[in-house]
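Worksheet for the structure shown next.
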Amino acid sequence: MDKEAGKRLAAEEAANHIERDMTLGLGTGSTAAYFVDIVGKLVSEGWDLRGVPTSEATREHAERVGVEIIEPDEATVIDLAVDGADEADPSLNLIKGGGAALLREKIIAYAAKKFIVIADKSKRVAALGAFPLPVEISPYSWALTVAALRRTLADNGFAEANLELRARDGEAVKTDGGNLIIDCRLGRIENPAALEKALAAIPGVLESGLFCGMTRMAIFGGEDGITINGA
Ligand code: 5RP
């Protein structure tokens, strides 16, 4: 089974948690896109579903498949949020942000009554950190923020961290909110919750891609079907 089939299986399983009348947090990325397709199909069958998108790409996709959009500024309740991940550990801590949507994704995941992660099985890891940790920072005085980030990482045991401004075609990548992404190659992260807290304390850091203690359920799709962690 290829990765795409695993992603689709995970999205289909997550869809079993949708009820007929719900406001859904819609994640970003190729796995979350399978879920958006399913939500569109349910809407076409008469289900009363609305979506709060975590990125402009997801907004366009959701609109295209007929899902009513609730503007993030107007959303007061999110019944269920479903999103992908770049890595997930056995305690359901995550690294996210490969698609540069991590700030919005975290706001929605945190607000949701229930947050489900969907992924192909290659995203399951014993410990987070092989995937470079994305950190979203304000463009204002960004070099000072990167210096503070380096200091905090060193204080937390990552003196050898390699930090890189995310760029494409020679241009800094801007998030949908106009922010920058610093990808931090750290290696194994022994205490992701402590690191998440330390990074959040840096002025100029808007969020890190560490999502600790937020995931209620993780659904992984692969060769041997579905594996579900959490409830
Ligand atoms: C975007 C994300 C994505 O959920 C993450 O990168 C996984 O993407 P994909 O499902 O395409 O592998 O965090 O910011």
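Keep in mind that glycine also has a Cβ here, set from the backbone N, Cα and C atoms.
Sequence annotations record features per position, and here TrEMBL assigns substrate binding site to T28, G29, S30, T31, D83, G84, A85, D86, K96, G97, G98, G99, K123. Non-local neighbourhood of A85 (substrate binding site): L94, I95, K96, V117, A119, K123, F211, A218, each in the same chain, at least six residues away, with C-beta under 8 Å from its C-beta.
The active site, proton acceptor annotation in TrEMBL covers E105. Within the same chain, the residues at least 6 positions away from E105 (active site, proton acceptor) whose Cβ sits under 8 Å from its Cβ are G27, T28, T54, S55, D83, K96, G97, F211, listed in sequence order.
Ranking the binding-site residues T28, S30 by other CB atoms within 10 A of the CB puts S30 at the bottom. Following the DSSP three-state reduction, the secondary structure of K123 (substrate binding site) is helix. The Cβ of G98 (substrate binding site) lies under 8 Å from the Cβ of G29, D86, F131, P134, each of these being in the same chain and 6 or more residues away along the sequence.
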